[in-house]
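Note sheet for the following structure.
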Amino acid sequence: YNTLDSKDLKIFKVSANGQAAQFEVGTKHKSKGSPLEITLPFELSRYCHKLHVIVEIEYETSPSATALQWLTPTQTVGKKHPYLFSQCQATHCRSMIPCQDSPSVKHTYYAQVSVPKELVALMSALHDGQVPDPSDSSRVIYRFRQPVPMPSYLIAIVVGALESREIGPRSRVWSEKENVDEAAFEFSETETMLKTAESLAGPYVWGQYDLLVMPPSFPYGGMENPCLTFVTPTVLAGDKSLAGVIAHEISHSWTGNLVTNRNWEHFWLNEGHTVYIERMIARCMESEHLRQFKGIGGWKELQESVNQFGANNVLTNLVPNLHEVDTDEAFSSVPYEKGFALLYHLEELLGGPEVFMGFVKSYIQLFAYGTVTTEEWKNYLFTYFKDKVDILNKVDWNAWMHTPGMAPVKPKYDTTMADACTALCQRWVKAKEEDLASFTEEDVKKLNSPQLIEFMALLLQEEPLPLSHVKKMQEVYQLNSVKNAEVRFRWLRICVRAHWEEAVPLALKMATEQGRMKFTRPLFKEVYNFSKYSDKALNTFKENRGALHPVTAMLVAKDLKING
């Protein structure tokens, strides 16, 4: 048998080296789909270890394929043409292509995509020209090649009315024409970031680094598809706070795409190292103070995830056991922030950022083009720092890797940039009615964009503010008119928690106008928890469910306790 993963695919026929091959679609698993078992013709199977066997599969995807989101023209910015995009991570590629859908398998790929003439196709690969479709004069065929081996979850496709602008010697930004110029302006620092990453991690091997600004329903901040990073449109009007998203996706070109977790239980190897490099880029391009500040923010996000799952939930382990767990339901900031906290803790123990980044670069070179487990990573750490094994032996590895809850050691971050946020937060928390007159717009004028976000994040960790305080905050800081999505998202949560009824429609509007899970899930949950508006949250979700990405819709339904 030769087994491939498939999910809701209609298989018409299979052939091997031109001969018909027998196949069987096995029993369907609730989240994994069905095995596609292919039996090679006898003479091929006898000699297949010597032969080059080309297997052709003719098939059709389901309209509800979890990897694909088909948008109607009304769901796009331009409103004229439909749009298609894929999101294969973690295990959705099998709903788009029959494949060995595991990060342990890496492959190159070539593709030809036929689309209507007025649309453009892009893939996570190098563009290899386009030709008229010989079988239909109204269509054009785009060709792609990806010469660097990569796992199936990084195969990506997008088709839409797309335009591009050059933003660097190896970078273009793509989006619908309505926001392509704004995007080109926002991402002007891409080449500087790429060069900074190369100086830290080694040469960039993927050739092209393009960015694609997605439609609003894209569920993530970004997706590191090789040669073509997908980014949420919520980073536009981001006032430079989007730099973190792009630095993160660029860093994945090394940690994740070049060195890949062997399976999803080792996801922290992808994400923890990527956050570590992303913050090293911030250190190089801005300051060490900013890197420290981001570490503090990350610790808070880890706390939120641990609170949400519960401190004893094994999904908060750095290396969770995912047997029979749907990887989408395990998704959280734990692998990112607990992973970063471990790497930062090791940096502190082993001699500082330059020394530890030396290890990360060496680790990338050793495992480049391959896959890795936590055990292999740890063995190499001990080999690289062989003169510091006594220090490494003092680390409580079991507490870090296999114990739920918060990381066992809280790193000592420099609080220079955070102190102003903490002070302002505490002023509001402690303020009595008669103190409200002491707040002025100067309070927030002194904060930069990341600090304003942090101030809001701190307020969300406190008991809800009285309504009078929140109304005063709007009056002096004019937060309703802030465009930055990260600020707006936190501000609306603060308002709904204070039971400010006017904020409810604004929160639901933000939850449905874009579909980034990081924003949509907490906003729905916040309104749902305001008991007077629970039904409104449910009805709004049901009305807009069709426009959300299938994974987002599944998770919001869980949050709002809707079955089926």
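Positions of Cβ are set from backbone N, Cα and C atoms, glycine also.
Residues or ranges marked as active site, proton acceptor in TrEMBL: E249. The annotation active site, proton donor is assigned in TrEMBL to Y336. The annotation peptide binding site is assigned in TrEMBL to Q87, C88, Q89, P219, Y220, G221, G222, M223, E224, R516, M517, K518. Sequence annotations record features per position, and here TrEMBL assigns Zn(2+) binding site to H248, H252, E271. Residues or ranges marked as domain 'Peptidase M1 leukotriene A4 hydrolase/aminopeptidase C-terminal' in TrEMBL: 416-560.
This view paints the features noted in TrEMBL onto the structure.
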residue : record               : Cβ contacts under 8 Å, 6 or more apart
Q87     : peptide binding site : A67, Q69, A156, F218, P219, Y220, M223, F230, H549, V551
Q89     : peptide binding site : Y153, L154, M223
G222    : peptide binding site : T229, F230, V231, T232, V245, I246, H248, E249
E224    : peptide binding site : L154, E249, H252, S253, G256, N257
E271    : Zn(2+) binding site  : G256, P335, Y336, G339
M517    : peptide binding site : P219, Y220, V551, T552, L555
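Within 10 Å of the C-beta of Y220 (peptide binding site) there are 22 other C-beta atoms, taking all protein chains into account. Per DSSP, the secondary structure of the domain 'Peptidase M1 leukotriene A4 hydrolase/aminopeptidase C-terminal' (416-560) breaks down as 115 helix, 0 strand, 30 coil.
A sphere of 10 angstroms centred on the C-beta of the residue listed as 'active site, proton donor' encloses 23 other C-beta atoms. The record assigns Q87, C88, Q89, P219, Y220, G221, G222, M223, E224, R516, M517, K518 to the peptide site; their largest pairwise CA distance measures 18 Å. Listed in sequence order, the residues E224, E249, S251, T255, G256, N270, T274, V275, E278, Y336 complete the 8 Å Cβ shell around the Zn(2+) site centroid, once H248, H252, E271 themselves are left out. Counting every protein chain shown, the number of other Cβ atoms lying within 10 Å of the Cβ of the residue listed as 'active site, proton acceptor' is 25.
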